[in-house]
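The Zn(2+) binding site annotation in Swiss-Prot covers C192, C195, C222, C225. Here Swiss-Prot flags 1-10, 478-505, 516-525 as compositional bias 'Polar residues'. The domain 'UIM 1' annotation in Swiss-Prot covers 262-281 and is backed by sequence analysis. Swiss-Prot lists 293-312 with the feature domain 'UIM 2'. If you look up Swiss-Prot, you'll see 1-24, 233-296, 309-328, 429-565 marked as region 'Disordered'. Among the features that Swiss-Prot reports, zinc finger is placed at 170-230, with the record citing sequence analysis.
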Amino acid sequence: MSWWSSTPSIDEQVEKATSESLPSGESDLALNLEICDLIRSKTVPAKDAMRSLKRRLLNRNPNVQLAALQLTDVCIKNGGSHFLVEIASREFVDPLMAIARNDDANPEVRQRVLQLLQQWAVAFAGQLQLQQVENAVTQLKSEGVSFPSASHDNAAVTSTFIDTKAPPEWIDSDVCMESGVAFSFLNRKHHCRNCGGVFTQACCQNYITLPHFGINVPVRVCNGCFKNLKKGKSDAPIHKPVPGATTTAPSSAPPANSAPNDDEDDIQKAIRLSLQEQESYKPPPPAAATSNDDDEDMKAAIAASLRDMENERQTGQTSASAGGLSSASTTVMAPSLTDLTATEESNINLLSLLVERLKGEPQGTILREPKIQELYDTVGNLRPKLARTMGETISKYDSLVDMHAKMTTVIRYYDALLEEKLNQAYTNRQSGGYAPQPHLSHQMTGQPPHLAPHLTGQITGQPHMGYQHTGQAPYLTGQVTGQAPYLSNQPTGHLTNHYTGSAPSAPQYGGPPAQNVYNAPSYQYSGAPEYDYASSPSAPSAPGGPSAPSAPAQPKEESAPLIEL
């Protein structure tokens, strides 16, 4: 795991070391020393540690302030010179001066601040980078702030207690400080955490812990430091600069507890493999060179299509659509010339990765790498091919969108038609099984409603009756075929009825004459069902008069005589 992913939070550590739950006047010495190791090994930036301590000093709880002052004093004595520079800055000293000037502050906290400022001023005496603490003490004394009397213990405090060893600052150079090999993008530089020198991968590939720097995890060291540390010597070897090499001022070193990072080696291997593939890769022949193969494939496809059509014609199953489908199914789909090969995709991805890595390199590094320029030229030649591929993809996308819209419309129309058919079938099913009621077709003039017939249909093999009614003297005509109708019970003779005028003569059976006689309507039956004529009602009698006795039944005849009124 890399060092930046395992960095502990300094704020959490400081907050835990200065917790309100700690008894007054006591501190967790083990946790304080652990924080000192984090600062001294540069695992956490010194400025972040200083700001975290300052936030705890500004807390309103006096116990938290006293614990923060105690932790600050321990870190000053064990944190290293880079941490002392941050402590001696105005950002940290000004809050301490504000507490010393405030008469309303907690007396114990104020007295402790004055005591520590006086001790630190004595310890930092004679160092320009730490002069701000001494100036603060002088200014407070000039303002009339009384400091506690210095004891003999404070007089014994010298600058030796701040000489705690810390990882050295890194030295920058253009060549390896051991082999003299110049650095490049492929031959990267590596710093030794013990001496701060810069070396190549071959000269700085050992890992070991550095307890004298507070580094308890394996870190990268050069070969010389590794041998000395194995022998029990913590002093860094002296590396003489290579003649002709240019060195710069020491650079700010990153945290020293970085674990082995194999990403650089993997990138170098990937670059070498990609370049080897690029050298051995042969571009495909141009499209003109493959035209013959395409012609052969097309001829074979056409011949196969013709054979299929001939076979279908012989079997009687040929059709235009079938022939089109057969020819389409036998067509060989040639690979698109605009598709990128695996090597081309690998080169594009590798160039993108290298460009991202070059952002953290010094200016001009890319100009000193001819292989990267060669890779860039190779990828640049793919731009027209990528443009054509993108154009074809966009066209295909548009056509697919159009087809999708058409298909959606067709499906919607089909669903509507299917729903209509289903509704129609459901309606027919609901009305099915019930035969339509027969209707009676009749013609009448001046007939009362109660004389309307209730029989409809056509009687096959049954007698047929026909009636006619005119405005003149009505008469009844009837012809009975087969079975005599129910009107055949009337006596044979001439019956004369008139709507106006004198009443007709009484029948020979006797009885009062009928006053009003309705003319028989004209009926026309078609498809009437069979009925039992024996139970059929007799013809209605004239209103107002007694009903005449029925005549004896007449024998069945082949044809009934015509009755005239």
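Note: Cβ is positioned from N, Cα and C throughout, glycine not excepted.
Known features from Swiss-Prot, placed on the structure.
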residue : record              : CB count, 10 Å
C192    : Zn(2+) binding site : 29
C195    : Zn(2+) binding site : 23
C222    : Zn(2+) binding site : 29
C225    : Zn(2+) binding site : 26
Quiz item: Per DSSP, what is the residue count of the zinc finger (170-230) in each of helix, strand and coil?
Solution: 11 helix, 22 strand, 28 coil
